[in-house]
Amino acid sequence: METRQLSFITPVRLRAKVVHGYGRGSKQLGFPTANLEIRWDADASQLSEEELSVRDFAMSHRTGIYCAFGSVEGPLGGQQVHKVAMSMGWNPTFDDVKAKTIEPWILHHFDEDFYGSHLRLLVLAYVRPEVKFESTEQLKKEIAADGEFCQASLSIPEFAAFQKDPFLTPWEVQKPPAIFASQIVTSAPLKETLQSLPPLQPGFARLFLTRHGETDANEQGFLCGGDHESQLNAQGEKQAEELAQELLRSVDGFAVVGSSEQRRAMGSAELVAQRFPAARRVRVKELHEMKYGDLEGARIADVRSDMISLSQSWRQGSLQERVGGERGESPEDVIKRVLASVRQVLQGEIGQSVLLVCHSWVNKTLIASVTPGLGLHKLLDVPQRNCAVNVLDYSCGEDGEGEFRVLAVDLVAGSRARI
Ligand code: ADP
Ligand code: RBF
Ligand code: MG
């Protein structure tokens, strides 16, 4: 009879694909183990972080039995977190094992195998070393006892919080914290929201600040800023068409339908303008997207880490930091030209509605900077889907320095409205 003892380790999070082992877990022993893929063959530089941490675990931890919490991703996983008894090592009872394995026995009955699915594990404690048993009968007895030991150990209060660790429950969409005050409608259906907006106050103009529809670049994951052109794709045209239809049903009319001079914004604005023939059609050069400098046209996947560190700088208040070097722009560059040109368009439009089709960063900078409690440094927190409409009332003062009041953010039309 083996001795077992619970030794806490620094918790380790692992995610790996379930692969085939020697096929004897269930058949010969009666204990199925979901063998994790370990990339022994590859150079560290070729491995993802997840693959590296799985291999590191096998290289740097003691061989033996561990207890863990685990979950299986995908439809076969049942979206549950289970207790796990896990073996890591050479399986010395057998002499055909060529490389260390990581084999969790999930203490739960599954109706089907889940080879190829991804498994997530939060490994919490070491239980005993692995042993070369004289018979498979003896091994089976000890595995059963390990299962009972892990089952009981994982029920102690010290582990309760780990069972709820968000790493194990990727299906629970982490809801973003509510960043807008409750009276600002956010990410809601367009038509219903527009129909329930408060009436325009005397002396104000109502701005429908809109983002262009989907483009080839959006779809293919390319950066497309103020110095790059991309066309609306078929999906983008459909979005703009739906937008136009719903606006027609819920807005009395527009004095102005404006856009930047970039093709994606002009194309979207044209589709709306066709339904509002009385509106004055204007093009405002300064409403172009943030310029990405050297990063224009780059694949987002290739510059992700640059973009992440840049957005962290912005969040920390370095709002003069530019994208892509000298030729790129910073949030401060964008807000300066955008505020001035939007004010100019709205100035003479008291009592009127104005639609401006712009770009993601243009809209985010404007909304973040005029929303109480936000500020320009929180521009990344502003949601902005393709063809999203944001509603802002503007007090057209004499001096061109009117105030904005944000009423709604990221409203979309049609089928996408249900989110
Ligand atoms: P192999 O040698 O290929 O790992 P096993 O006999 O150990 O074969 O069976 C493991 C497979 O059984 C897992 O990959 C998984 O798809 C399935 N399975 C079903 N129930 C469980 C469970 N409770 N724990 C682990 N794997 C399970
Ligand atoms: N294999 C061993 O050779 N010695 C062990 O002490 C041992 N302990 C295990 C404990 C548990 C909880 C599990 C799930 C497996 C253990 N194994 C051990 C691994 C076992 O040999 C392996 O799962 C099967 O050979 C199927 O791959
Ligand atoms: Mg197995």
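Any Cβ shown, glycine's included, is placed from N, Cα and C.
Predicted automatically and left uncurated, TrEMBL annotations should be read as such.
Taken straight from TrEMBL:
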- His212: active site, tele-phosphohistidine intermediate (ACT_SITE)
- Glu289: active site, proton donor/acceptor (ACT_SITE)
- Arg211, His212, Gly213, Glu214, Thr215, Asp216, Ala217, Asn218, Arg264, Glu289, Met290, Lys291, Tyr292: substrate binding site (BINDING)
- 7-155: domain 'Riboflavin kinase' (DOMAIN)
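Projection of TrEMBL feature records onto the structure.
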residue: Arg211; record: substrate binding site; contacts (Cβ under 8 Å, 6+ apart): Val357, Cys358, His359, Ser360, Asn363, Gln384, Arg385, Asn386, Cys387, Ala388
residue: His212; record: active site, tele-phosphohistidine intermediate; contacts (Cβ under 8 Å, 6+ apart): Leu232, Gly236, Ala240, Ser259, Gln262, Arg264, Ala265, Gly267, Ser268, Val357, Cys358, His359, Asn386, Cys387
residue: Gly213; record: substrate binding site; contacts (Cβ under 8 Å, 6+ apart): Leu232, Gln235, Gly236, Glu237, Lys238, Gln239, Ala240, Leu243, Arg264, Gly267, Ser268, Asn386, Cys387
residue: Thr215; record: substrate binding site; contacts (Cβ under 8 Å, 6+ apart): Cys224, Ser230, Gln231, Leu232, Asn233, Gly236, Arg264
residue: Ala217; record: substrate binding site; contacts (Cβ under 8 Å, 6+ apart): Leu223, Cys224, His228, Ser230
residue: Glu289; record: active site, proton donor/acceptor; contacts (Cβ under 8 Å, 6+ apart): Cys224, Gly225, Gly226, Ser260, Gln262, Cys358, His359, Ser360, Trp361, Val362
residue: Met290; record: substrate binding site; contacts (Cβ under 8 Å, 6+ apart): Gly225, Gly226, Val323, Gly328, Glu329, Pro331, Asp333, Val334, His359, Trp361, Val362, Thr365
residue: Tyr292; record: substrate binding site; contacts (Cβ under 8 Å, 6+ apart): Leu223, Cys224, Gly225, Gly226, Asp227, His228, Ala298, Val323, Gly324, Gly328, Glu329
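Sorting the domain 'Riboflavin kinase' (7-155) by DSSP state (H, G, I as helix; E, B as strand; all else coil) yields 41 helix, 47 strand, 61 coil. Largest Cα-Cα distance over the residues recorded as binding substrate, namely Arg211, His212, Gly213, Glu214, Thr215, Asp216, Ala217, Asn218, Arg264, Glu289, Met290, Lys291, Tyr292, equals 20 Å. Reduced to three states, the DSSP call for Tyr292 (substrate binding site) is strand.
Around the Cβ of Arg264 (substrate binding site), 30 further Cβ atoms fall within 10 Å across all displayed protein chains.
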